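Working notes, beginning with the structure itself.
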Amino acid sequence: MVDERKDGAYGTPQKYDPTFKGPIYNRGCTDVICCVFLLLAIVGYVAVGIIAWTHGDPRKVIYPTDSRGEFCGQKGTKNENKPFLFYFNIVKCASPLVLLEFQCPTPQICVEKCPDRYLTYLNAHRSQDFEYYKQFCVPGFQNNKGVAEVLRDGDCPAVLTPSKPLAQRCFPDIHSHKGVLMVGNETTYEDGHGFRKNITELVEGAKKANGVLEARQLAMRIFEDYTVSWYWIIIGLVIAMVLSLLFIVLLRFLAGIMVWVMIVMVILVLGYGIFHCYMEYARLRGEAGSDISLVDLGFQTDLRVYLHLRQTWMAFMIILSILEVIIILLLIFLRKRILIAIALIKEASRAVGYVMCSLLYPLVTFFLLCLCIAYWASTAIFLSTSNEAVYKIFNDTACSVAGKTCNPETFLSSNESRLCPGAHCQFAFYGGESTYHRALLGLQIFNAFMFFWLANFVLALGQVTLAGAFASYYWALNKPDDLPAFPLFSAFGRALRYHTGSLAFGSLILAIVQIIRVILEYLDQRLKAAENKFAKFLMTCLKCCFWCLEKFIRFLNRNAYIMIAIYGTNFCTSARNAFFLLMRNIIRVAVLDKVTDFLFLLGKLLIVGSVGILAFFFFTHRIRIVQDTAPPLNYYWVPILTVIVGSYLIAHGFFSVYGMCVDTLFLCFCEDLERNDGSQERPYFMSPQLRDILLKESAEEEGKRGEVEE
């Protein structure tokens, strides 16, 4: 029975061509206009980078600045020996202005060290402690004013509290002593009128300020964990790379056995995870505080607290159990398809075995992506720091001129100072009113767009290169004798020489969709405070639609690049032919190609799970390697998660070669079925093993379809 989908609706099937022997070598340049656009865009991108590097100063992001916008602790500046930033009134850092202006509405100066004692200005200004206190006043301060005038003009802080430096900024030294929150070693201080007060007020104010800075403290602790565990993390990633390479090599010779071993191991790893979660859940039974719910506990920066809750381990156990059941059910219903997928993986293993250097190509892609990321990140930082210092008027109470720009040199004698006696003119942020500064947002968008374009181009180049190499293997009638010399390098050269424009075209379409998604995410963040439900619904629909569109374009581009590697046609023609070819074989695409993706996912999970369990036992001090043990950590989950994510990326890099090989062989197989019939005059190019399984399955599908139609 003739399949109607093969005629008309989805294009015309390929005809037999006795001269066709695989990737066409006599080809011409495609999509030249897009190639020119890409080159012009790169020139413009370089120009933007040069302009940003000329105007930018990354120190504005890394190092703190005082109220005049001057750096603390930088060589060649007057604050060279003053590395720490001191806030006159840290409590004001809890003001909403911090979120709006990214600057505390209190005077800030650079100091040599943070204060280590309690001291009020009233007590210090007529005593021997004044020389110590004076270093925390504004530069050039002279003790020629009254106490009220000094505090009114913001020349000195009203009180000093013991502080510790964090990220080169002085924060109150808050700690707990016998269940009581304290600052330093004292519990009282004297105010400006000489009255003794309980330090509770200061503690409460400091707690509010520190609430704003909890995220920074968490980041610093995580950074400390990285500094003491980075070499163990590297060892974990090396183990993941060795396991991935070993798995790929074994897959080359024992594909069938390795797939089933992989399936069983994934089930066992998940089973052990369920068992471990249950044991931890049972161990915590009866322990004080272990029955507190996650909702009641709320968010805690010390994530280890959650591991002392039974509900946490119950959630982990439920998640792993659901994942285990899903995998088992998929294996049961797809058991026949898995046999076919194994045959396809065996063929891919043979192809990779003949083109072994393809396993190293992900390193080239990784290197090029690192260059793109580094250029984008450095350009973004230089653009964001190329503004000029902007000073604004800050005041604690309502004031008509509050928030306006000012000049710190002339503010005290200006009319604004008389209108708001208690106001301060201090550094607010970096900005500007010139044409360049007004164009900064557009330049940042262009920077992000070019990053997406170039990153997608690098990925496309890798896909075309691998597809060309593996297509050369498939269309070699006598394997490996008819396989050309250096197929990977030949495919790479053809891609750059003839198809740079086509790769630029495909990556441009994807980059446009991605930048639209970024803009939608930005608008969604801006609309979160709004109560317009229709706007939120519309935004959610748009985000969902563009997410689906990006996934579809990625899928279409990937198959279009395979057709480009084989036939050398332009992007649109290749995309159309690939789409029609897939539609003419939609059943095979749905149930065969995706089964191999599922098996590769299990392989990644096996490697990630194995390395993750090893990292968990090591960093929680449950195992030791020779005489060395894990370093002391603030959060042991930091290196564990890093190793898990890094292991997945490494495994994905190796398996991506296999994935591209399977996709290429699958398209070539579909083309082979249309071009040839298996006779001596028109023999199939597929291997006998693959032919026996796939053609048998195709005959069964045709028989079932015929029964349904009858």
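Glycine is no exception: its Cβ is also placed from the backbone N, Cα and C atoms.
Just so you know, TrEMBL annotations are computer predictions that nobody has curated.
Model, not experiment: these values are computed from the prediction.
Taken from TrEMBL, the feature transmembrane segment applies to 30-53, 230-251, 257-275, 313-333, 353-377, 448-476, 496-520, 560-579, 599-621, 633-655.
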Review point. What parts of the chain pack near the transmembrane segment (30-53), using Cβ distances under 8 Å and only residues at least 6 beyond its ends?
Key: 375, 378-379, 382-383, 386, 436, 443, 446-447, 450, 453-454, 457, 498-502, 504-505, 508, 564, 568-571
Point to revise | Contact call for the transmembrane segment (230-251) and the transmembrane segment (560-579): at least 3 Cβ pairs under 8 Å, seq gap 6+ | key: no
Check your understanding: List, by number or range, the same-chain residues at least 6 past the transmembrane segment (257-275) whose CB is under 8 A from its CB atoms?
Key -> 247, 250-251, 316-317, 320-321, 323-324, 327-328, 331, 338, 341-342, 345, 599, 602-603, 605-606, 609-610, 613
Review point. Same chain, outside the transmembrane segment (353-377) by at least 6, Cβ under 8 Å from its Cβ: which residues?
Key: 49, 245, 248, 252, 447-448, 450-451, 454-455, 458-459, 461-462, 465-466, 469-470, 473, 479-480, 483, 487-488, 653-654, 656-657, 661
